Amino acid sequence: MAKDIKFSENARRSLLKGVDKLADTVKTTIGPKGRNVVLEQSYGNPDITNDGVTIAKSIELKDRYENMGAKLVAEAAQKTNDIAGDGTTTATVLTQAIVREGMKNVTAGANPVGIRRGIEKATKAAVDELHKISHKVESKDQIANVAAVSSASKEVGALIADAMEKVGHDGVITIEDSRGINTELSVVEGMQFDRGYLSQYMVTDNDKMEADLDNPYILITDKKISNIQDILPLLQEIVQQGKSLLIIADDITGEALPTLVLNKIRGTFNVVAVKAPGFGDRRKAQLQDIAALTGGTVITEDLGLELKDTKIDQLGQARRITVTKDSTTIVDGAGSKEAIDERVDTIRKQIEDSTSDFDKKKLQERLAKLTGGVAVIHVGAATETELKERRYRIEDALNSTRAAVDEGYVAGGGTALVNVEKAVREVKGETTDEQTGINIVLRALSAPVRQIAENAGKDGSVILDKLEHQENEIGYNAATDKWENMVDAGIIDPTKVTRTALQNAASIAALLLTTEAVVAEIPEPKQSAPQGGAGAPMGM
């Protein structure tokens, strides 16, 4: 296919148009007075959301050059979401601010490479200062505040704080749809291990790229499955019962994996395959843990069991299983309390007898998985549209809270980014262009607070001017229209979220500013259908 190429100013101007179209859509959602965006769906009702990354991913522009600019900003949002789980709108606002200011200077004749160096220096100084002014998360109230700010709901904040209190900061917390209108928390037997699906064609939710299985059977084995005939009788029985299946095996190779995938795609039955966790003897022990939790039997030669002889009553069961590309979460396994308690006692005795610190650590991890349980947040709402929107907010809040536990928190509402301006001003560029790059980041740091104020119906410049004359952590609370200490008021952002948003915005913006040519495909003209006579129109 033929290509069209744009150079220098023309290329950058087209990219900037795409950046602006996406950012102008996303930034309306930032802050407590942010608006919602309605997204058309290919089928069903439209989605209503204020989740930055969801909006960014859904935007596809008609102009190919503009679309490339939009997609690069969406990448900054997506990377921020992948690392920190939140802050996608902040990343988008910062990217637009840096790109816009940078484009003006490049057009005026500044060297984009020098500007890039200045942007990198300023970003490093800002990130270092963020870590210096960061507070550690030490109480349940602080956890609740982080979650409440992210979700714009004190009820959600309290719910997530309760969940973390019950299963620990590193515990497994999952989010499910409720059958009622209330959002509630429950703790059930369950565990999570670090193994994901063997094929992305096994996913059931394409938006989140995860596979959800309700009331599935679980085949647990330490063997490799390469011949589908070994498990065919078992599969046929599962299909007849209309059940789904999770296979945990050493590996699935040969014809077995494509056969399972084909049956999943055709809708014969819902199946997900994952590799067994751990290695060597630890793998066998972990499989026994899973068997105890789910009421299944490990199919292993150690017990004289063969795959081809496996019966349905040797399979484990659970109320729900969620598999992502990296992990598998088993919720509410069907194992008896006696079997689980016996397994727990065995592991505790092994911990007492162990002389190796490494072995003790691994045994304690297994013990925590068996005894800690899984916190399940059941999200309720009156309509499906409201349910989706509420679920997005709770997922963001949970991710924010985990990020705050990792790296602490700073004053929210864009206040922390303005507070680090002083440290950035102390950075001096070696050249005029470097200094220009530093100044670009300086101006961009105030973009989130401006936008939060404007979304609340205030003049962003007036709010910013007043903020720059306040002490650290004193900021504008857009929710109450008051000036107060943001940390004391519970308006806090995870340091990890703020840091990641700034770093990704600076990285993508620097790439855009140093772009000299853009190549796009020229779409082939559609061939017009031959004109018919005066007869009847053709059918589909």
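Each residue, glycine too, has its Cβ placed from N, Cα and C.
Counting only same-chain residues six or more apart in sequence, the Cβ atoms lying under 8 angstroms from the Cβ of ASN477 (ATP binding site) belong to GLY413, TRP483, GLU484, MET486, ALA489, ILE491. Marked as ATP binding site by Swiss-Prot on the basis of sequence analysis: THR29, ILE30, GLY31, PRO32, ASP86, GLY87, THR88, THR89, THR90, GLY413, ASN477, ALA478, ALA479, ASP493.
For THR90 (ATP binding site), applying a Cβ distance below 8 Å and a minimum sequence separation of six or more within one chain yields ILE30, GLY52, THR80, GLY414, PRO448, VAL497, THR498, ALA501.
Around GLY31 (ATP binding site), the C-beta neighbours below 8 angstroms that are at least 6 residues distant in the chain are GLY413, GLN451, ILE452, ALA453, ASN455, ALA456, ALA478. Classification of THR90 (ATP binding site) by DSSP places it within a helix. Of the listed binding-site residues, namely THR29, THR88, the sparsest Cβ surroundings within 10 Å are found at THR29.
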